[in-house]
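According to Swiss-Prot, the protein carries these features:
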BINDING   G31, Q32, N33, G34, A35, G36, K37, T38  ATP binding site
Amino acid sequence: MPYIGSLKVNQFRNLADVDITPHSQFNFFFGQNGAGKTSILESIYYLSVGRSFRTHLPQRLIQDNTDRFLIFITLYNGTQFIPLGVERDCHGDRCLRINGETASSWSLAAKRLPLCSLSAMSHRFLLDGPRVRRQFLDWLMFHVEPSFFSIWQRLQRSLKQRNAALKAKLPLGEITHWDKMLVEDGERLHQLRQNVVTEFKPLFTQMLQQFLPAYPLIGHYFRGWSEKYSLMEQLQINLKQDLQRGYTQAGPQRADFRLTLRDLPAQDILSQGQQKLVTYALHFAQGLLLKEKTGISPIYLIDDLPAELDANKRDCVIDLVNCLESQVFISGIDPNEIRLPPHSTLFHVKHGKVAAL
C-alpha cells in the first residue's frame, strides 16, 4: 500500500514549519479548535489534487505576512520512497514536482497519491447537489479505468463548445456539429459509470451493514437523460429548450447517484450523525473497490471523526479502517475520544506547531 513516510509543510494557513514522520498506518492529530489539525489534512489533500476541500480561494492558504507555501512528502509506492512536493506563491504561480521532475498535470499527483477524504462536512454528500456525487463516481473511474480521463477531457471540451454555441445562438448547424462527439464520449462515460456502480453497490451494502444494519439503503444511478431515448435523440428533443436556456440540459454532466430508504430520499430520514456514517460507508467501499481492482489502497483523511458519533460508532469506524490496511490521518479535539490501535502515532497540534507524542 502507498503511505506517506515524511511530511513537511511551510507557511500553509497557520502551519509555519511542520516536519513530521507519520506512522504507516494510524495517525491521530488532536488539539483545540483553530490549532491547525484540519490544515494538516488539507495540505495532504492539496498536494494530491491541487485544490483545498475548505475554500475555493487559494490565496487564503498562504500564511499571513508570507508570500508562498510549500508542501513536501516522501511517498512509499510499494518498492521505494519518491519525493512529491508543491510550491504556490501569492501571484498564483505554482510548481508541482514528482520524483525530482516538474509535473505537467495534477492528474499525475492524484494517481501517485490516491486519497479518500472525509471532511467535517461529509454529511453534505447526501444534501448537496449531484455534482459532488458525480465526482465521487469519477474518482473511482479515474483510478480504475485507464480510458476514463481522456474520455472525460474530450467530453468537457465538446460540452463547452456546444454550450458556447447555444449561448451565442449560432446557426443550428454550428450547434449540432458538436453532438456526434458529445454523444460518442457521453455514452462511453455513462457505460463506465454504470459498470463501476454495479461493482460498487455490494461493497457499499457490506460497509453499511457495519454502521447502520437497520437502514438498508439502496443506491440509484441516473445517467443524466431519459431511459426512453438515446443521448442523440435526447439532444434533438431538447434543442429548442437548450437554445432558450443557453446550455445543454441532458447528458452525463447531469448524472447522479442517489440513496433511498423505503423509496424516500435517505437525507429525509437519517439524522446528521447517521448521514455521516453513510458517507463513511460510501468512501470505505470506494477504497475497497480501488484495492480490489488495482491492488492499491488509498490513504484516508478523516477530519473531526468524533463529532456527532457516540463511542460505539467511533470504535466501529476505527475497527473498519483498521481492516482496510491503509494509512489514515484522523483529526479530533480529545485523544481520549478515540480508541486507537497499537500501531498508531499521536500528534499534538497547538498554535500551528505539531509534535509527536
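The first residue you see is number 1, and the count goes up from there.
Cβ atoms here come from the backbone N, Cα and C positions, even for glycine.
Projection of Swiss-Prot feature records onto the structure.
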| residue | record | Cβ within 10 Å |
| --- | --- | --- |
| G31 | ATP binding site | 22 |
| Q32 | ATP binding site | 12 |
| N33 | ATP binding site | 8 |
| G34 | ATP binding site | 12 |
| A35 | ATP binding site | 21 |
| G36 | ATP binding site | 25 |
| K37 | ATP binding site | 26 |
| T38 | ATP binding site | 22 |
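Summary of the ATP site environment: with the site residues G31, Q32, N33, G34, A35, G36, K37, T38 set aside, the chain residues having Cβ atoms within 8 Å of the Cβ mean position are S39, S331, I333, V349, K350.
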